[in-house]
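Asks: I have a structure here, written as structure tokens, and I will follow up with some questions on it.
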Amino acid sequence: MEADEVTIREQNFHSQVREYTICFLLFAVLYIVSYFVITRYKRKADEQEDEDAIVNRISLFLSTFTLAVSAGAVLLLPFSIISNEILLSFPQNYYIQWLNGSLIHGLWNLASLFSNLCLFVLMPFAFFFLESEGFAGLKKGIRARILETLVMLILLGLLILGIVWVASALIDNDATSMESLYDLWEFYLPYLYSCISLMGCLLLLLCTPVGLSRMFTVMGQLLVKPTILEDLDEQIYIITLEEEAIQRRLNGTLALRQELENVKSMKTKLERRKKASAWERNLVYPAVMILLLIETSISVLLVACNILCLLIDETAMPKGSGVNYLMVSSVVGFYSLRFFGNFTPRKDDTTMTKIIGNCVSILVLSSALPVMSRTLGITRFDLLGDFGRFNWLGNFYIVLSYNLLFAIVTTLCLVRKFTSAVREELFKALGNMSYFSHLNISPLPLHHTIPSG
């Protein structure tokens with residue numbers, strides 16, 4: 001019996017070591033990718049060698065850690081679904097037994113733990129540490145800035161604790177509920193995380209429909225559109241004449257310089273369209289647009305089916321594919337909203353404060369994504385860890401209202417998108433006609449060459 005117990009303990013030990021090793025390797029890959037993403041956008045002017053450089057470097061590492069956690073939270077649900085399907089398809093295969101339920105549960109628990117850590121500790125610390133200067137009367141330096149940051153964190157924690165306690169007393173004035181708030185680790189943090197996840201789901205309710213419609217525009221900018229009833233040579237010739245006219249009138253005027261940059265950008269896009277191959281213009285663009293339309297239609301249909309299931313059977317509501325597409329659409333929609341327009345990071349010109357804000361926003365969105373996917377019925381995979389402990393997921397009216405709002409807002413955004421495209425084409429055609437009549441230029445043959453000088 002003792003030998004069997006030792007063998008079982010050894011097996012459990014080796015299993016835990018294997019799971020932690022896999023988690024570490026997966027997170028290391030996400031951390032490296034996140035580091036390259038952040039350094040691509042980080043302002044180079046922040047790379048000075050002094051006290052501020054150390055503070056920036058620490059904030060950079062904390063932001064990278066948070067972005068890696070966000071990526072892990074996004075990939076967690078697809079990874080769990082795929083792992084479960086692989087295990088069901090090959091239950092006796094020795095080489096995939098490491099994809100077991102213990103590993104999946106461990107990943108969900110780590111994602112929940114690190115999300116709480118980043119949201120309530122690391123990111124506030126990075127922000128206050130970046131903005132700190134040290135208390136007056138103390139010797140300036142890293143220690144003084146750390147002391148000020150810790151004091152600010154304690155004050156922020158007390159403020160949030162008071163707000164959540166008052167909110168809990170107003171919403172659920174129960175002695176048991178009030179006493180449970182004293183349990184910081186088992187109840188308070190999951191409760192606070194549930195509130196932030198609810199806020200994230202409400203933000204996703206705005207971002208995702210906008211992003212689903214905006215994806216067509218983004219892909220249209222990245223790909224080369226078909227040249228149907230268009231003469232690119234004529235358009236390039238006209239834009240070249242306009243560029244030369246602006247250059248002759250250019251005498252340091254800022255407005256003319258901006259107009260010249262816009263004309264050059266338009267000319268570059270036209271030249272790229274002209275150099276693109278026929279299959280890139282006529283095959284890739286329609287295929288991608290059809291794929292986006294199919295993905296979007298499937299998402300809306302799944303939500304519609306989930307609404308019918310909720311109305312017919314309340315047990316269909318969540319108790320605790322296209323997930324990655326929804327996350328990409330949510331991020332695109334987030335930066336497309338006017339309120340967050342100035343929040344968009346720019347290559348080599350983004351301050352650390354803005355990077356921290358972006359990391360916090362993406363973390364909130366990514367943490368709410370599994371909950372939103374489960375609420376909308378896009379996936380039937382049960383949420384694990386603290387993700388499945390959200391009490392508001394059991395409220396029938398909240399879940400039904402969320403599904404109805406998502407379906408209505410998405411439909412309105414898509415209808416507005418496609419009808420606006422028709423309006424833009426009509427205005428563009430009318431604008432081109434007036435532009436030709438203003439310049440008094442007749443269409444050119446295809447063999448016409450642009451004069452130099």
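Backbone N, Cα and C define each Cβ position, glycine as well.
Per TrEMBL, transmembrane segment is recorded for 20-38, 58-82, 102-130, 150-171, 191-212, 283-313, 325-343, 355-372, 392-415.
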Asks: With a cut-off of 8 Å between Cβ atoms, can you find at least three pairs linking the transmembrane segment (58-82) to the transmembrane segment (355-372)? Only pairs 6 or more residues apart in sequence count.
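Replies: The answer is yes, given that the two segments have at least 3 Cβ pairs within the 8 Å cut-off.
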Asks: To the transmembrane segment (191-212), which of 283-313, 325-343, 392-415 is linked by the most Cβ pairs under 8 Å?
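Replies: That would be 325-343.
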Asks: Mind checking which residues reach the transmembrane segment (102-130)? Cβ under 8 Å, same chain, six or more beyond either end.
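Replies: The answer is 15, 19, 22-23, 26, 55-56, 58-59, 62-63, 65-66, 69, 72-73, 76, 79-80, 83-84, 145-146, 148-149, 152-153, 156-157, 160, 189, 192-193, 196, 352-353, 356, 359-360, 363-364, 367, 383-387.
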Asks: Determine whether the transmembrane segment (392-415) and the transmembrane segment (283-313) share at least three Cβ pairs under 8 Å, counting only pairs 6 or more apart in sequence.
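Replies: With 3 or more qualifying Cβ pairs, these stretches touch.
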Asks: Go through the chain and flag residues at least 6 beyond the ends of the transmembrane segment (283-313) whose CB is under 8 A from any CB in it; none is fine as an answer.
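Replies: Those are 212, 215-216, 219-220, 223-226, 322, 325-326, 376-378, 396, 399-400, 403-404, 406-407, 410-411, 414, in sequence order.
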Asks: What same-chain residues lie close to the transmembrane segment (325-343): Cβ under 8 Å, and 6 or more beyond its ends?
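Replies: Here the qualifying positions are 74, 203-204, 206-212, 214-215, 218, 295, 299, 354, 357-358, 361-362, 365-366, 369, 372-373, 378.
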Asks: In the same chain, who gets a Cβ under 8 Å from the transmembrane segment (355-372) while lying at least 6 residues past its ends?
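Replies: Beyond its ends, the transmembrane segment (355-372) has Cβ neighbours at 38, 41-42, 59-60, 63, 66-67, 69-71, 73-74, 76-77, 115, 118-119, 123, 126-127, 130, 193, 196-201, 203-205, 207-208, 323, 326-327, 330-331, 334, 340, 343, 345, 383, 387, 390, 393.
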